[in-house]
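Colleague: The structure's right below; bear with me while I get my questions together.
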Amino acid sequence: MSQPLLAVNGLMMRFGGLLAVNNVSLELREREIVSLIGPNGAGKTTVFNCLTGFYKPTGGTITLRERHLEGLPGQQIARMGVVRTFQHVRLFREMTVIENLLVAQHQQLKTGLFSGLLKTPAFRRAQSEALDRAATWLERIGLLEHANRQASNLAYGDQRRLEIARCMVTQPEILMLDEPAAGLNPKETKELDELIAELRNHHNTTILLIEHDMKLVMGISDRIYVVNQGTPLANGTPEEIRNNPDVIRAYLGEA
């Protein structure tokens, strides 16, 4: 079996006397879709925050292709190809739709301040490529005709898709989605399912997903990890998780 793209071993996160994440381990292999599920307050988003540099873990290791990530700033982790969305949509609401995608690519532009000031050929080429990527992703998510519309004026489902596109224009290896189906209607959830599958199948993106929509999770995941009160409870295929009595008691039985 190939080495994992991302390996998390014995992850711990303590806030004062509260142990929010307790000995969580998981692996992501290239082009997998893996879900992290559990009841509200189980520590799922805290795990995401540790993996993406928002929190410095209290203990454990996080490695991307065997390079340690724990303690690195979030911007550096993003430049290494690990990006995320949030439970609550975080867009530059006063910017246009396409400006959101251009700003997202700023850290990836391989031109310096001097080149930018002089508008060198290399800078203009990088800007043109960024614009092309933005337009390509807006067309893919059906928002190209809204490119110059203010992001805050989009419908909620469109804002969700724009947030995913904002991640994808940076050409990540790993995309972490925190409750992407929250607030979506059934039609929008089906479109999200199709989009996630396309990201893996056609863009070679590895995906880690937090989600409460069990139909979506069971239908799209290769493997599932379950946490409860910050502690690992189970992991396995969707079928194994669906039939695990501990999981049924702790989480699925609540639905």
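Heads up, the Cβ atoms here are built off N, Cα and C, so glycines get one too.
The feature ATP binding site is assigned by Swiss-Prot to GLY38, PRO39, ASN40, GLY41, ALA42, GLY43, LYS44, THR45, with sequence analysis given as support. What Swiss-Prot lists as domain 'ABC transporter' is 6-254.
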Colleague: Taking the Cβ of ASN40 (ATP binding site) as reference, which residues of that chain separated by at least 6 in sequence fall under 8 Å from it?
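Modeller: Looking at Cβ-Cβ distances below 8 Å from ASN40 (ATP binding site), excluding near sequence neighbours, one finds none.
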Colleague: Around the recorded ATP site, report the further residues of that chain (criterion: Cβ within 8 Å of the mean position of the Cβ atoms of GLY38, PRO39, ASN40, GLY41, ALA42, GLY43, LYS44, THR45; site residues excluded), sequence-ordered.
Modeller: VAL227, ASN228, GLY230
Colleague: Are there residues of the same chain, six or more positions away from GLY43 (ATP binding site), whose CB falls under 8 angstroms from its CB, and which are they?
Modeller: MET13, ALA20, VAL21, ASN22, VAL24, VAL227, GLN229, GLY230
Colleague: Taking 10 A as the limit, how many CB atoms besides its own sit near the CB of PRO39 (ATP binding site)?
Modeller: 17
